[in-house]
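Asker: Pasting in a structure now, in structure tokens, and then I'll have a few things to ask.
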Amino acid sequence: MSLFHWKSFSKKLCLYSWKDWRRLCSKVPLDIHKRSSSVADKTSSSFLSDVDNDKPVDKEFIRNFSIIAHVDHGKSTLADRLLQFTGTIAPEKFRDQYLDNMDIERERGITIKMRAARLWYRSKDGSRYLLNLIDTPGHVDFSYEVSRSLAAVEGCLLVVDASQGVQAQTIANVDLALENNLEIVPVLNKVDLTTAEPDKVCQEISQVIGIDASRAVRASAKFGIGVEEILEEIVHLIPPPKGQVEASLQALIFDSYFDPYRGVVVFVRVKNGEIRTGMKIRFMATGVEHSVEQVGILTPDEVVRTSGVLSCGEVGFIKAGIKSLHDAPVGDTITGCDNPTQEPLQGYKPAKSMVFCGLYPADSATLFENLRAALERLSLNDSSISFQPESSSVLGKGFRVGFLGMLHMEVVKERLKREYELELLTSAPSVVYKFRNFKGEYFMESNPSKIPNDARHFEEPFVKLDIVCPDQFNGTILELCQNHRASLEDMRYVSNGRILLKFLIPLAEVLTNFYDHVKSRTRGFGSMDYEFHSYRPSDLVKLDIAVAGDVVEGLSCVVHRDQAYIKGKEIIEKLKQYIPRHQFKVVLQAMISTKVIASDFIQPLRKDVLAKCYGGDVSRKKKLLERQKEGKEKLRQLGKVRLSPEAFAAVIAQKF
Ligand SMILES: Nc1nc2c(ncn2[C@@H]2O[C@H](COP(=O)(O)OP(=O)(O)OP(=O)(O)O)[C@@H](O)[C@H]2O)c(=O)[nH]1
């Protein structure tokens with residue numbers, strides 16, 4: 001075991017006290033797999049042999065649901081247990097986080113993409129049910145995935161960590177579920193922890209979310225406790241899908257990806273009618289028509305149905321020789337060309353890039369084209385990435401790329417490095433600013449160096465920010481938010497001792513290290529969530545940085561007027577450490593338009609021109625010094641200072 005893995009393993013061991021271990025060992029079956037497969041023998045496996053996945057299922061016996069929760073409350077672990085318990089995955093094939101199949105997801109232990117899987121479950125009432133499960137990400141950057149999954153189901157499991165209680169994203173996800181009129185089934189997870197307080201958390205759920213949680217299943221996804229009860233709740237509380245098989249086809253696209261060999265694979269939920277192989281379908285938003293080549297189900301592997309039918313209420317995939325993801329946008333409705341519906345289903349707003357930064361290959365000449373190809377391929381499967389070419393005097397040719405948030409940006413950068421072997425330099429992340437030019441025309445721009453000097457009336461994106469934390473940290477959180485230009489909108493108790501604070505805050509302020517500050521100020525007990533609210537006017541200015549008289553593109557940024565001097569000074573100090581001394585004096589300036597607000601300089605190298613002048617006439621010495629001064633002045637006017645990419649990266653790192 002590597003040192004790293006050993007460290008994290010031993011850290012996990014230390015989380016349990018001896019009492020914990022004794023309690024766990026006596027109560028919890030250690031071999032989860034054995035336990036779940038033995039129950040599966042009783043309930044599922046015995047009847048899985050006669051399951052016909054090829055035929056559509058009577059919708060009275062279908063339950064479609066998502067699993068939603070705050071980050072790390074145990075969604076993927078619970079999905080694993082449900083897959084095991086129902087015998088969906090053969091024991092020899094099983095691995096933890098089964099539905100998270102991207103390397104980055106497994107290494108970081110986070111879900112980035114939603115995943116669907118169908119499970120068969122024989123209920124205690126004797127009937128056999130088909131459960132379509134959609135596991136969703138918890139991180140705020142990917143909440144778009146959650147809202148997509150919720151439009152495709154009738155209910156959701158709301159997983160709440162019984163030791164942490166209701167957190168900011170629990171509330172945000174419940175709001176999404178309520179918007180979609182879904183049946184919410186609460187589950188109190190991690191009851192194996194000694195710090196678990198299920199009764200208190202039950203009260204919190206009722207108080208904050210307004211749903212009755214008295215019957216909530218008390219579960220431990222880690223140790224397989226309460227899994228059968230959860231399945232019973234799904235079957236009895238979540239309604240079967242509505243819709244008519246005889247009606248015109250209406251199928252909602254909730255996800256899709258591009259396969260270089262098979263074209264676009266579209267994941268759908270059939271709301272009305274049925275999709276059959278060979279039929280002509282129309283994508284209502286784009287008007288594009290195709291013939292269905294294959295339909296199939298997600299077991300979670302893609303299995304083609306030889307019967308060629310996907311019927312009302314079912315979740316599955318279709319392939320129709322589609323070449324571009326833009327022809328089959330997520331959220332669009334598919335209908336039949338012969339008997340089309342007039343009413344498209346309610347779709348989703350397209351995912352919008354919120355954070356932008358420049359990506360430049362370290363060896364720009366050869367790798368620029370590779371970067372373009374890599375971004376094109378990535379954006380085929382991730383429509384929230386946007387990019388366009390840009391160039392910088394320091395970093396050469398690159399692309400300005402838009403992301404959903406900072407984690408999304410990191411994930412994309414990591415994928416570019418691993419999958420395409422691209423070492424990249426990044427310019428400072430920025431949001432999209434709105435401003436007016438001197439003619440009064442409105443513009444939107446994410447690259448601060450492209451904002452003209454006469455820009456005025458700046459507006460920036462604001463987000464609704466929710467922070468949940470113990471009430472003893474109320475003061476420090478208010479102070480933090482005030483320092484980041486937030487305004488308090490509401491404050492209420494979630495439970496005895498924990499509060500929910502609601503703010504309006506500029507997005508640019510929460511992007512960088514803000515979550516770390518919340519965590520450290522609340523000793524790890526605080527959680528936050530945010531969503532876009534609106535563009536609002538702010539007293540912003542464009543800050544330029546000039547080195548030896550030349551403005552350095554890529555170091556420009558938009559800052560609040562009150563922060564401009566401090567920011568400018570910080571950047572200049574950092575540059576001073578990285579720019580080597582030259583023959584001439586290098587002046588460093590921070591400027592708003594043409595007005596210098598902070599400046600410093602790097603001393604020139606000095607050659608002792610009098611060294612060889614032993615004794616001699618004083619006027620001769622003066623002449624030599626005079627000539628040296630003139631030469632340096634000339635150099636200062638003509639000389640250029642090349643900023644190394646390392647200096648650039650260091651300044652960016654401290655700026656954000
Ligand atoms: N003690 C205990 N730990 C659990 C339980 N369920 C999950 N965990 C642990 O909690 C951590 C997070 O679990 P995940 O299943 O990855 O959580 P998630 O909600 O899917 O996380 P995201 O996808 O990143 O939002 C992991 O270390 C799990 O082992 C449980 O019932 N008891």
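Every residue gets a Cβ built from N, Cα and C, even glycine.
Marked as domain 'Tr-type G' by TrEMBL: 60-242. The feature GTP binding site is assigned by TrEMBL to 69-76, 135-139, 189-192.
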Asker: Checking the binding-site residues ALA69, ASP72, LYS75, THR136, VAL191: which ones have Cβ within under 6 Å of ligand 1?
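Answerer: Going through ALA69, ASP72, LYS75, THR136, VAL191 in sequence order, those close to ligand 1 turn out to be ALA69, ASP72, LYS75.
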Asker: Can you see whether DSSP assigns ALA69 (GTP binding site) to helix, strand or coil?
Answerer: strand
Asker: Is it possible to get the count of other C-beta atoms within 10 angstroms of the C-beta of VAL191 (GTP binding site)?
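Answerer: Taking every protein chain into account, the count is 21.
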Asker: Mind looking up the mean pLDDT for the domain 'Tr-type G' (60-242) in the predicted model?
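Answerer: Taking every residue of the domain 'Tr-type G' (60-242) together, the mean pLDDT is 87.
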Asker: Out of ALA69, LYS75, HIS139, which of the binding-site residues has the smallest number of neighbouring Cβ atoms within 10 Å?
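Answerer: Sparsest of the binding-site residues ALA69, LYS75, HIS139 by Cβ contacts within 10 Å: HIS139.
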Asker: When DSSP is mapped onto helix/strand/coil, what comes out for LYS75 (GTP binding site)?
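Answerer: Going by the DSSP assignment, LYS75 (GTP binding site) falls within a helical segment, counted as helix.
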Asker: Using Cβ atoms only, which residues of the same chain lie under 8 Å from THR136 (GTP binding site) while being at least 6 residues apart in sequence?
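Answerer: Result: SER66, ILE67, ILE68, LYS75, THR111, MET114, PHE142, GLU145, VAL146, SER149.
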